[in-house]
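Reviewing the structure listed below.
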Ligand SMILES: Nc1nc2c(ncn2[C@@H]2O[C@H](COP(=O)(O)OP(=O)(O)OP(=O)(O)O)[C@@H](O)[C@H]2O)c(=O)[nH]1
């Protein structure tokens, strides 16, 4: 439950209530002081009214102060009137008190902080000098002047006034300055109240005993109040000092105790000075203790904060001795290292550091101890309790004492194992990528070298059949540099025709991406016309390029220079159909030609003539002049016979000294004439060899090929028979096959 005496001083009803309460307090305090005078028959050593007004001015907002001061003055005047009687001079005292209170309050406002008015000895000194000395003196002088007191009573009046005001201010002032306002009962603790009351009772009892029985009673009271200052909080201690001062005054006034006094004026002052000597050291002690308690609290709070920071920190923290012993470790570090705190504190960091990282750590720690660096951060490995390795980022700083001697290291340890692992993974990945790139690069290099060194032209294109790459052979064949050709359509780069002077190839393949590998027919005999006019016999293939997903990305065209192979083919083909000695068509060639004529005879009803020609006495040349001579003779006679032929006639050497002649679309009579010319020419030919002259002859047999006589074996046989007949008839002549009579 909480009771607020004044919750909002700004509300008019609360201000009025405050005024009433203050008026009542002023009345009670003044009444108390005056009663002391009445009881003791002497001037009271306490005067509280002024200190109440002073603190009201200090603590109250200026706009509220007049009402509250008026209430205080009214309370004071009422008490004065009640005890001293209705004398205008008493009102004058109240006014002087009021004036003194206003000046004191304004001075305090200038010197002290409102929310913490007595926080240090300096504050207390300011308080003492301003309202504990200056304003009482001013008030006393004013009272002297106003009341026009003169003579020997001046000093006594002034000193009594000042002493009463000073003791009143010392006793009540700090209590009023420190009292929470508005008062809240919730702030009161029963335990604290009980402790206060217990201390108060002990103090009052001890004070009575001291005053009653001790030789230097006020010295004993100081000791008692010191004990209170040590025991109680500042505010409670000041309240106790006030109550103790009131109690002492009361005991003296009531004559419960007697203190030895002298009856002259300075003696009276001297009797009151012990009050001052009691209160001043007690105040100082209370303030020192308060400062000590606050410092202790501050240290305790700092320690708590540090402990919490350690305890709840998400990163590992530790205090480590200069020798390396873990002095204090937090939960996070225990989790990181896998050790319970108690076990870890028995170890040194050296014992759980990976040997490869220890030297580095120790070197940094040495630098820190020497003062070369203020802190260091390294990455290192620790052994967990399980023996596993944990990677950590360690930041270390050093705490030193006032003499700069090292006290302990502060270590922050962050587990970076996951980071390290991903770093390693990334590094391995990068190594693999680098290796793959190297392999790819080498592969590309190899490919480039291969493409540069192979004999074929290689041209690659994009999916639109535009040139993207050409090897040196392709550059040479096309007569264009790769840089010029890049991006051009393949069909514009390559001019290909059928044969050197044939028609240009309208090859759609050069314009459109083929579906699959495509090559033109070998018989096309394609040639490539280079930009510089060079012509190359070529054969090519175009292969489409696709990604693994089947996307068409271009094509590769490979062009072979087939000039040499075509020549070779032609040579082979010639050799297959010609007699190497005489260069006349050979038997195979003859048979092919014969077959054509036989078909022609059937299909077109043409007539052709076939003749067999066999040399006479040729063997004799061989035998006489040698085989080389025979060869030479055969060459010469072949040439001789060819001169006697018609343009369309076909003379072949069948082997040895046998020849065959095919005369297309030739009547038998005309064939006979041609063969007769040949026979005559051979018969008349004189062959010279190494000074000797040889004479051979020729025998020939003819037959007609026609639609009626068109069987190969038969016509051959007929010519053979006719030739045989010519030989038989004496050689050097011809015979025409005559079919046997039926
Ligand atoms: N030098 C040479 N001799 C060949 C060649 N081929 C065949 N002969 C020879 O030609 C001769 C042909 O034989 P024959 O026709 O019986 O000889 P021939 O003297 O003409 O006899 P007849 O026809 O009866 O007059 C053989 O001696 C073969 O060795 C050749 O390529 N070069």
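One is the number of the first residue shown, and numbering goes on along the chain from there.
Cβ atoms here come from the backbone N, Cα and C positions, even for glycine.
Remember, TrEMBL labels are computer predictions, not curated facts.
As the structure is a computational prediction, the values presented were derived from the model and not from experiment.
Annotation comment: TrEMBL describes 302-372, 443-498 as domain 'PAS'. Feature annotation from TrEMBL assigns domain 'PAC' to 376-428, 522-574. The feature domain 'GGDEF' is assigned by TrEMBL to 606-739. The feature transmembrane segment is assigned by TrEMBL to 16-37, 67-85, 91-112, 124-146, 158-181, 216-232, 239-257, 269-288.
A Cβ distance under 8 Å defines the sequence-distant neighbours of the transmembrane segment (269-288), meaning residues of its chain 6+ beyond its ends; these are 45, 118, 120-121, 124, 128, 159-160, 163, 166-167, 170-171, 174, 218, 221-222, 225-226, 228-230, 232, 234, 237-238, 241, 245, 248, 259, 261-262. Helix, strand and coil counts under DSSP for the domain 'GGDEF' (606-739) come to 58 helix, 43 strand, 33 coil. When Cβ-Cβ distances under 8 Å to the transmembrane segment (91-112) are tallied for each of 16-37, 67-85, 124-146, 216-232, 239-257, the top count falls to 124-146.
Here the transmembrane segment (158-181) has long-range neighbours at 6, 29, 33, 43-52, 54-55, 58-59, 100, 104, 108, 112, 117-118, 124, 127-128, 131-133, 135-137, 139-141, 143-144, 187, 234-235, 238-239, 241-242, 245-246, 265-266, 268-269, 272-273, 275-276, 279-280, 283, meaning same-chain residues at least 6 beyond its ends whose C-beta is under 8 angstroms from one of its own. A contact between the transmembrane segment (16-37) and the transmembrane segment (239-257) is present, since 3 or more of their C-beta pairs, 6 or more residues apart, lie under 8 Å. DSSP states for the domain 'PAS' (302-372), grouped as helix (H, G, I), strand (E, B) and coil, give 42 helix, 12 strand, 17 coil. When each of 302-372, 376-428, 522-574, 606-739 is scored by its Cβ pairs under 8 Å to the domain 'PAS' (443-498), the top-ranked stretch turns out to be 522-574.
Residues in the domain 'PAS' (443-498) partition by DSSP class (helix H, G, I; strand E, B; coil) as 26 helix, 15 strand, 15 coil. When pLDDT values are averaged over the domain 'PAS' (302-372), the model yields 91.
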